[in-house]
Amino acid sequence: MSKIRVHEYAKKNNISSKDLMTKLKEMNIEVSNHMTMLEDEVVNKLDNQYSAGAEKPSVADEFEVEEKVVRSKKNSNKNKKKGKANEDKRQDNFAGRQQTPIVETPDKITFSGSLTVGDLAKKLSKEPSEIIKKLFMLGIMATINQDLDKDTIELIATDYGIEVEEEVVVSETEFETFIDEQDDEENLKERPAVVTIMGHVDHGKTTLLDSIRNSKVTAGEAGGITQHIGAYQVDVNDKKITFLDTPGHAVFTTMRARGAQVTDITILVVAADDGVMPQTVEAISHAKAAGVPIIVAVNKMDKPAANPDRVMQELTEYELVPEAWGGDTIFVPISAIQGEGIDNLLEMILLVSEVEEYKANPNRYAAGTVIEAQLDKGKGTIATLLVQNGTLRVGDPIVVGTSFGRVRAMVSDIGRRVKVAGPSTPVEITGLNEVPQAGDRFMAFADEKKARQIGESRAQEALVAQRGEKSKFSLEDLFQQIQEGDVKEINLIVKADVQGSVEAMAASLRKIDVEGVKVKIIHTGVGAITESDIILASASNAIVIGFNVRPDVNAKRTAELEKVDVRLHRIIYKVIEEIESAMQGMLDPEFEEKVIGQAEVRQTFKVTKVGTIAGCYVIDGKITRDSGVRIIRDGVVVFEGKLDTLKRFKDDVKEVAQNYECGITIERYNDLKEGDIIEAYVMEEVKR
C-alpha cells in the first residue's frame, strides 16, 4: 500500500482533516499538519476505527445542509408578506436553485502575499459568510474585504482539508533571477559554443585569435570589414563557434563578479618552450571556478626548444591529465604563427560542444550579457551584447543593467548591419540612454513603456544602494573590527607627488597580509588629494593615504563630513609600518597632528637681512605663532618647518583668524611664491 497524506485520507473517508487529526492524537499518533504522510500501519489502524460502511458527513456537507435550511426559512418568512404571484415565482426560483449542482471543494489553492475574505471564499468555493463565521469562531472579527495573512489563510484552508501553496512573485525589475531559467526541452535548439582564450603573457593568445579569425572567416564575408566589437564568430564544418576577443581573465573576473556566466569552453594556451607560468595557474583557477571544460592548446610547436611532454607533466599537478595518459583533458599541439593544428583545435571545440549539448530557445525575447560598452561622439552609447537566449531584433525595447532604450541598429562582428541575432551571437547595438558596464545582464521586452519603467526602477534602486549608509572605519578601530570578523579586506586610496612613489607604495602595501586580512588598493593617482578622492573613499569605505601631498580645502571639509580617515606621510616605510601596526592592534600614537588653518600667499616682499616676507590672507581656521607649517604648491608639499614671524601690520601677534591679512616669514625658507598655501598645524596628545 502506498503512503497517503492526512488530508487525502480525510477526503477519501468523507471526514474533516481537523477531526482526523484529533482522532490521531487520541490514538497517540503525532502529526504536524494536514500534509503529514501516514504510514501503512497507521492507515490500517484508522481503517479499523472508521468502518467502511459508517460514513460520516463532512463539516462542509453539514454546513451546506444547515445553510439551505436557513435560506429556506428566510424565504418562507418573506413570502408571508407577498401575494400569490410572488409565491409562485419564489417556488419556481427555489426549484431552480435546488437543481443547481454543488461546486466541489478544490484539493489545492494558491495565493500571493495575502487574500481578502471574499477572494479566499471564492478560491475555496464557499460562501463569504461561511468564512466569516469560521474566523469569528477563531476570535477574528473580519469583513468581506478584509485582508487575511498567510497563517490565517492556511488555518482556514486546513480546516477544509485543502492544501495551500504561496506563490513567490519575482519583480520584473530583478529579471536576473529568472533570466537563466531553463525552457521546456521541446523548445530548445542547438546553439554555438562561446569560447574564451586564456593563458600567460606572450604565450600566443592574441596570435591564436588572429590565426583563427584569418583562416576561418566565411568566404562570403571576405568583403566585410572586420571590426573589434569584443567577440566574433567563425564557421567550422557548417557549424558556428563564438570567440570572446577580450582579455580572458577580465571575462571571468568582472563578469562573474556581476553574476554573468558567458563562457562555455576555455582554451588554455601554454607555450611548449616555456611551460606553466604564474598566469597559466591563475587562468586554470578562473576556469575551474566557473566550472567550464578546459582544452589545452600547446602553442609554439614550431620552435626548436618545444617540449610538449614537459607541459603535460606540469599540468597534471593541476588535475589537467591528457587523454593519452588516461585523463579527460584534451591537449592539442599547435603553432599559431604558422597556422598549424588550428583545424584540429576547432574540431575539438565542436566535439566538446557536441558532448555538452549547448542549447537555447530562439523563440522568445532575447536575454544575455554585455561584453563591452563605450560612448561614441557620433553614435552615442554603443554596447556589444552576447545574446544567450532568445532572439534580439532591431526595434526591440531593451533593459541593459540600469540603462534602457530601443535597439536602433545592430552590427555583426564583420561590420554588417543585421536585423536579428540568435543565441550565442555577438552584436553591437545603439539606442541605449547611458553606457552600461561589462558583465551587466540585458533583457528585451514587448513594450517600450514597460522597458523604460523597469530601467528607471533599476537605476533608482542602484542609486539608493550606492547612497546606503556604510560604517566607515579608521586605523584606530581597524584591529577591533578585524578581531570581530567584520573586515576581510582593507580598501586604500593612494596619492603621491610622483608616479614612482605611487607605484612603490602600492607594491609595498599589497604585500601586507596580517591575520588573513588583505590590502586592496582601489585607486592611485599623482597630485593633491581632491574632493573626488574623498567621495570615492566614502563610497568604498576606504582609507586615503597621502605621500608628500595634502588634501585641498574642499577635500578636507568633505573628509570631516563623511568621516573618511586621511593619513598623510613623507616616508614610505612609515606608511607601511602604520598600516601593519593598525592591523596587528599595536597602533598607539602618542600625538596626532591637527591642522588648524591655511593661509594663501597673495604677495611676496624681499627684505635684506630678513628674507622673503609673505603677505597672506587666512582662508581657513587660524594661524598661530607657535604652530608648525608646511608650504603647499599645486597640491604638493615643498617644505615643512616652523614660523619665524607672524605680524598684523607692524605688530607681532600670537594668532591671526580667518578672513584677516597677515605677514609671515618662514624659518630657513625664502622660496615663497604667490599662490602658495601655508598650512599651520599643531601636535595634540591623543587620549587612548
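The backbone N, Cα and C atoms fix where each Cβ goes, and this holds for glycine too.
Straight from Swiss-Prot, the features:
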- 53-101: region 'Disordered' (REGION)
- 71-83: compositional bias 'Basic residues' (COMPBIAS)
- 190-359: domain 'tr-type G' (DOMAIN)
- 199-206: region 'G1' (REGION)
- 199-206, 245-249, 299-302: GTP binding site (BINDING)
- 224-228: region 'G2' (REGION)
- 245-248: region 'G3' (REGION)
- 299-302: region 'G4' (REGION)
Where Gly199 (GTP binding site) sits in the secondary structure, as DSSP reduces it to three classes: strand
For Lys205 (GTP binding site), the three-state class that DSSP assigns: helix
Other CB atoms, at most 10 A from the CB of Asp202 (GTP binding site): 13
Least surrounded among the binding-site residues, given as Gly199, Lys205, Met301, when other CB atoms within 10 Å are counted: Met301
Secondary structure composition of the region 'G4' (299-302) [DSSP: H/G/I, E/B, coil]: 0 helix, 1 strand, 3 coil
Integer mean pLDDT for the region 'G4' (299-302): 90
